[in-house]
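Below is one structure; the comments refer to it alone.
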């Protein structure tokens, strides 16, 4: 059972906003309109594909945002997330921290459309970044001027995923070293519902969650979702923070945000001003998208986003 619509904002997006200053982007050759000469239609092709896929599969827009986080948080923005398992190399997609992620195949759909116009020119990681940018707009979020020119990794980093992407049971202090636009799966939150309901959780909201997650032992391989936001589930807005103030956070770490001295003032500020949230969100996404990009010597432009190029 899977919900067709998922809220695209969560605890870890919030934590990303807090951690802006901790991200380090090396000096690079990323620039606006990087493909202006080599593939001038690249950005428009990606945008039209994002719109087409959104109209056919609405949840793809959320996937683009999550792809950006999961790729760029692990060592660098380099499309290592997209690599499939091959002999001698595991895939980051197989990590339990990647549980519930989907729509990877549609990144290749976009890549194929770009390749028809400009073969071996546009990197997979730039498609990850620009599709996230366009997906954010489809979700009602801000338009972000994003630079391009990243190169694709020649390897994946499954061990780094475990060390970088947060676990749903982490405390607020531990989670402040992480961030993630998580979809919330039943396996992540049943400890707040069974055997007794967490008293910090709104009772009516708890009943909704128990309907979505009716057993204390959900199948860990089943993708069972519970909406983080029942009012604007497919709009990137500040409703998440408003819900926290109403005791409707899904995870324990959600509700701790309202009581932790570092985060509680920010929860209130985000909840009060959607424009402020959009501004901070845009800054966070831009900085994350430029995390440690690879240069020509370090990376490549993959022909197929699922596999490194054959030498």
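Note that Cβ sites are derived from N, Cα and C of the backbone, with glycine treated the same way.
Annotated features, as they stand in TrEMBL:
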ACT_SITE  70  active site, proton acceptor
BINDING   71, 74, 78, 80, 92  Ca(2+) 1 binding site
BINDING   166  substrate binding site
BINDING   229, 232, 237  Ca(2+) 2 binding site
DOMAIN    29-309  domain 'Plant heme peroxidase family profile'
SIGNAL    1-28  signal peptide
SITE      66  site 'Transition state stabilizer'
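Where TrEMBL records a feature, it is marked here on the structure.
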| residue | record | CB count, 10 Å |
| --- | --- | --- |
| 66 | site 'Transition state stabilizer' | 24 |
| 70 | active site, proton acceptor | 24 |
| 71 | Ca(2+) 1 binding site | 26 |
| 74 | Ca(2+) 1 binding site | 26 |
| 78 | Ca(2+) 1 binding site | 30 |
| 80 | Ca(2+) 1 binding site | 28 |
| 92 | Ca(2+) 1 binding site | 24 |
| 237 | Ca(2+) 2 binding site | 20 |
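Report note: the Ca(2+) 1 site is defined by 71, 74, 78, 80, 92, and the residues of the same chain whose CB lies within 8 Å of the CB centroid of those residues, excluding them, are 70, 72, 75, 76, 77, 79, 81, 82, 83, 153, 156, 157, 160, 161. The two recorded residues, residue 78 (Ca(2+) 1 binding site) and residue 237 (Ca(2+) 2 binding site), have Cα atoms 28 Å apart. Taking CA atoms as the reference points, residue 66 (site 'Transition state stabilizer') and residue 92 (Ca(2+) 1 binding site) are 14 Å apart. In this structure, the C-alpha atom of residue 71 (Ca(2+) 1 binding site) lies 23 angstrom from that of residue 237 (Ca(2+) 2 binding site). Regional average pLDDT for the domain 'Plant heme peroxidase family profile' (29-309) in the model is 85.
Looking only at Cα atoms, residue 237 (Ca(2+) 2 binding site) sits nearest to 70 among the recorded positions 70, 74, 80, 92.
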